[in-house]
Amino acid sequence: MVLRDKMILLDENTKAIVQGITGRQGSFHTKKMLECGTKIVGGVTPGKGGQNVHGVPVFDTVKEAVKETDANASVIFVPAPFAKDAVFEAIDAGIELIVVITEHIPVHDTMEFVNYAEDVGVKIIGPNTPGIASPKVGKLGIIPMEVLKEGSVGMVSRSGTLTYEIAHQIKKAGFGVSTCVGIGGDPIVGLRYKEVLDLFEKDDETEAIVMIGEIGGGAEEEAAKFIEKMKKPVIGYIAGQSAPEGKRMGHAGAIVEKGKGTAESKMKALEEAGAYVAKNISDIPKLLAGILGK
């Protein structure tokens, strides 16, 4: 078997810092990331420089952390009111990939840092995301590695817990995951479905893709236009098939307005684009078996 040295987003060359490492969530998830082999080379909390968290050195600024560790990625566990500044600081320090776990970030703040990142060519995952995970390399974020097994299925989702459930079903059926990407449940996010699908399309380790969508917005319809041009098989599943109009379901992005963003319209768009559409979660492993011939 060829050793994989380059996967999508997260690979053997990823060296990450954790912004907000001394907080409860930051500290807890730093330990989890280290346990699965992720290279966490530093942490940042202003005023806490010089400390250690699980053996990881803490710095006062991202600039200082990057200078000392050559970090190229950051995971952000900073509270919502300070998240925008944390992202800007990471971008200005030369970080190339930023995973924003924080939820409840004001939409205008997100728009500002997403636009800034796009202007300078920095990849942002999130906000309000479980992050990314590659069983062979580790994870940036909070995805529980227990649900993942190494394999050739790429996963991309707007939901967190639903991703874990589907990953677990895929594992139980004997299949594994190349990379799992949570794009985030907010109305505005950094990398969208189509960008992640494009990365999977070019990834040698990925043979098939499972895309988990949900009601609200037009992200899945936008993805469907890209799926039309893809060579690799895509299985689509849309959560919220019984959701009433006008009611927000879980995520800020999950709301059906005036007949737009319904599960029905999304499933139709995916089907017309040539994707395999799973009506239930239990259909996903069956469809994978048909596609991958196992």
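Note: Cβ is positioned from N, Cα and C throughout, glycine not excepted.
Values in this document were obtained by computation on a predicted structure and should not be read as measured data.
Annotated active site, tele-phosphohistidine intermediate per Swiss-Prot: His251, in sequence order, evidence recorded as sequence analysis.
For Thr22, Gly23, Arg24, Gln25, Lys48, Ile101, Thr102, Glu103, the entry in Swiss-Prot reads CoA binding site, with the evidence type sequence analysis. In the three-state DSSP scheme, Gln25 (CoA binding site) falls into the helix class.
The feature substrate binding site is assigned by Swiss-Prot to Tyr164, with sequence analysis given as support. In three-state terms derived from DSSP, Tyr164 (substrate binding site) belongs to a helical segment. Residues within less than 8 Å, Cβ to Cβ, of Tyr164 (substrate binding site) and separated from it by at least 6 positions along the same chain comprise Pro130, Ile143, Pro144, Val147.
In the three-state DSSP assignment, the secondary structure recorded for Thr102 (CoA binding site) is coil. The C-beta environment of Ile101 (CoA binding site), restricted to residues of the same chain at least 6 apart in sequence and closer than 8 Å, consists of Gln25, His29, Val75, Ile76, Phe77, Gly126, Pro127, Asn128, Thr129, Pro130, Gly131, Gly141, Ile142.
Cβ packing within 10 Å was compared across the binding-site residues Thr22, Thr102, and the lowest neighbour count falls to Thr22.
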